[in-house]
Structure formats: structure tokens, C-alpha cells
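Participant: Structure provided below as C-alpha cells; questions to follow.
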Amino acid sequence: MSAIVDIIGREILDSRGNPTVECDVLLESGTMGRAAVPSGASTGSREAIELRDGETGRYGGKGVLKAVEHINTEISEAIMGLDASEQAFLDKTLLELDGTDNKSRLGANAMLAVSMAVAKAAAEEAGLPLYRYFGGSGAMQLPVPMMNIVNGGAHANNSLDIQEFMIVPVSQPTFREALRCGAEVFHALKKILSDRGMSTAVGDEGGFAPNFGSNDECLSTILQAIEKAGYRAGEDVLLALDCAASEFYHDGKYQLAGEGLQLSSTEFADYLANLADKFPIVSIEDGMHESDWAGWKTLTDKLGKKVQLVGDDLFVTNTRILKEGIEKGIANSILIKINQIGTLTETFAAIEMAKRAGYTAVISHRSGETEDSTIADIAVGLNAGQIKTGSLSRSDRISKYNQLLRIEEDLGDIASYPGKSAFYNLR
């Protein structure tokens, strides 16, 4: 039995300099698991609640000492002595201890830190790499990365309304080669921006944040960077968008301030369809407001057979909401953010539900990250096929890519890279 003998919670800083929660779990054998949780900038209203202190005189109210105290007191008391290898039972214990629908009492940040740290300790105890502990012998597929090379919206201080413009390397035989492709396109884009006298400062997720005049101009420039790096747009590298449309939906209209447009749901669906016709876009995330289900249905009917339509704020990694979306034919993919739901067991349930319904699942970071690379192991362990973890700069993003390189090396000849087949529900 891998009995838990000690739990230590602490307050650390994330990549934005804001406090977040880290947890150490020590087992009877002396093995330890350590995990740190991320935090988002654009958040869905139905996400599990991360507990913040609210003391304005300390970290602007963003401290997490209350969440840490919960770990070091009642969570510690509840799980002390439990078997770390019984993840589902441990997560159930946390859920019952919290007792709320949205984890608002203990805080999803406290609960997730413990859930992840326990899994890491159990994997160490079993002598298994984390991805293998999660997925068993069937874990051998590396994920296709969506690399956020231009930031807009809530992630950058510029005039772009769409939050993320991503490149998706798909023709490469290995993850290592896909990562190289992404890095080369990133540096080609930097040179193009520099030559134009545009900003090469980066946003929260490591992508550039220049002031383009329109989304079209931004996408056209990315195509130039792909070609400059020696790759073929639409063949070697595809494009993906995260609209984060909930951020610019006001008074029943999609208000693209950067382009001076105010669009209805149908008009915005047409706007996105036009972009998908002009550019090799394979995936669009949060293309409608999280509560605009009629708009989502319109978008899905219009684009759902040829473009991956990812629900992030829409589904918030929640199986109850995902089930409703599947039944209504809304979107065709779910973004998986572990801190949106707050335990590993619930995260894995969302991935499995999506797969059973023929939806894809994209494992994702948050804009406020740490050096913790657990999501890389989840992507491989659960055979998700896709990961979204930022640009080719900032060590908080690169830590996940580097972990995937290590996993691919560890897998050796049995490692596979799915490329375009990761988008298995498109025609």
C-alpha cells in the first residue's frame, strides 16, 4: 500500500507573477510527488472556482493562502493514510469534503494540486513514468501541438480581437520534427515582424503581440512566415484560432473593435467561415459566446464537417455540460483544462466522454502557467492526440514541449505522431 504520510501546500508564483498553489505529497516509502496548478486570464463562467484570498493589500487580492491552509489542515486530515494508487477514491474524498458543485469551499486550485501530486507520488512509487502510469501500455501517441505564435485579445495589449493565432505542424514523422518546424516558423515570423518595424514583444503565452490592422493581415503574415521557413502552408503546417468570443460579445453582438465590426451570431459564423475558406484553418476554439448555444449550433452546422470546433468556455471540461453539447450537436471537440474542473478523475472522464462521442479532446495549458509539465504526460497517457501549450518561447511553455521530447525518446520505436489524423472527425 502506497500510504500518504505527509501533505504540504505552499504559495508560489505563476508565469504572470501571480500567486498559485503547489503541493507536495509524501508516501510511506519515502517517494514524493509535487504539483503546481495554473490559472487562466479568459475564464468560462461555469469553471470550478479557484480560491483567492481577496486581501487587496497583498498581491492585489490574488493571494492563495486560504487554499494552501485548506491543504495543510482539513484536506491533509481527510486523505492522510489513504492509498495514493487509488486515484478515483482519493478524488471522490476531495469532492465529498468540498461539498459544493463548483469547488468554491476548498478551491479547485487546492483540490487539483493535491490530486496531481498524489498521482505523481503514486507513479514514482510504481517506478513508472507519469504518462505510463496514466495510460498503461497503450500510451504511445504523441500529440499534435497547436502553437500560439501571435497573441491578441485578453492575452496581449494590441488591437487584435481574436485571442490566439496558432500554427499546427502536421506532415512531420515525429513530434521532434514537428517541434522543430514550429520553432523555425516562429523565428521566421520574428524576422518578418522585425523587418517591418513591428513589435516582437511577446504576450502571456509566448507569442508575438504586434498591432496588425486586421485578422486577415495577421493570418497572411503567418503564411509568409511558414513559407519563409521552408514549409508549405496547408500541407506541412495548418492554422488554428482561439477566438475567445465570450470576451468580445456584448449586448447580443460580436464586437470586433479592432476591425470596427458589430456582428450577429449568424454574421460572425459567416465571418469565421470566410476566414476558413481563405486560409488553411483546421481548428477554431470558442467561436461563439459560451451561452450562445444557438450561435454554436449555426457555426457547427456551417463548419463542423471541415473544421474542428473546440469548446473551451463552452464546456469547461465538465462532463454534464459536454453531454448536453453532444446531445444537441454543438461543436465537435472539447478543450481540456485540468483546473477548470479540479481533479484528475473528472478530467479523464471528460476526455473519455468526448472520444466515445467522436469528439476530439485537446489538452491545454492556461495563460498563467508554471514549470509543471503534467499536461504533457496527460496528452500522451490518455492518447488525446492534440495539445495546446503556447508558443516557442518562455520556459513555462517550453517545459511542456521538452517533456514531450523526453517521452518520445522514452517510447523509442513505438512512438507515433498522428499529424492530420489527429483531426479524425473531419472530412
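Don't overthink the numbers, they just go from 1 along the chain as shown.
Every residue gets a Cβ built from N, Cα and C, even glycine.
The active site, proton donor feature in Swiss-Prot is assigned to E205. What Swiss-Prot records for K337 is active site, proton acceptor. The feature (2R)-2-phosphoglycerate binding site is assigned by Swiss-Prot to Q163, K337, R366, S367, K388, with sequence analysis given as support. Sequence annotations record features per position, and here Swiss-Prot assigns Mg(2+) binding site to D242, E285, D312.
Show me how these features fit into the structure around them.
Facilitator: Taking Cβ-Cβ distances under 8 Å and a sequence gap of 6 or more within the same chain, the neighbours of K337 (active site, proton acceptor) are P38, G40, D312, V316, T317, S364, H365, R366.
DSSP classifies R366 ((2R)-2-phosphoglycerate binding site) as coil under the three-state reduction.
Cβ neighbours within 10 Å of D242 (Mg(2+) binding site), excluding its own Cβ and spanning all shown chains: 28. DSSP assigns D242 (Mg(2+) binding site) to a strand.
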Participant: When you rank E205, D242, E285 by Cα distance to Q163 ((2R)-2-phosphoglycerate binding site), which of the recorded positions ends up on top as the closest?
Facilitator: D242
Participant: Run through D242, E285, S367 for me and report the binding-site residues whose CA is within 10 Å of the CA of E205 (active site, proton donor), in sequence order.
Facilitator: S367
Participant: Express the distance between the Cα positions of S367 ((2R)-2-phosphoglycerate binding site) and D242 (Mg(2+) binding site) as a whole number of Å.
Facilitator: 13
Participant: Below 8 Å Cβ to Cβ and six or more residues apart, same chain only. Which residues does that give for E285 (Mg(2+) binding site)?
Facilitator: E164, A240, L241, D242, C243, A244, L309, V310, G311, D312, L335, V362
Participant: Of Q163, S367, the binding-site residues given in the record, which has the fewest other CB atoms within 10 A of its CB?
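Facilitator: Relative to the other binding-site residues in Q163, S367, S367 has the fewest Cβ atoms within 10 Å.
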Participant: In sequence order, which residues at least six apart in the same chain have a CB under 8 Å from the CB of K388 ((2R)-2-phosphoglycerate binding site)?
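Facilitator: Long-range Cβ contacts: P145, M146, N148, M166, L335, V362, I363, S364, H365.
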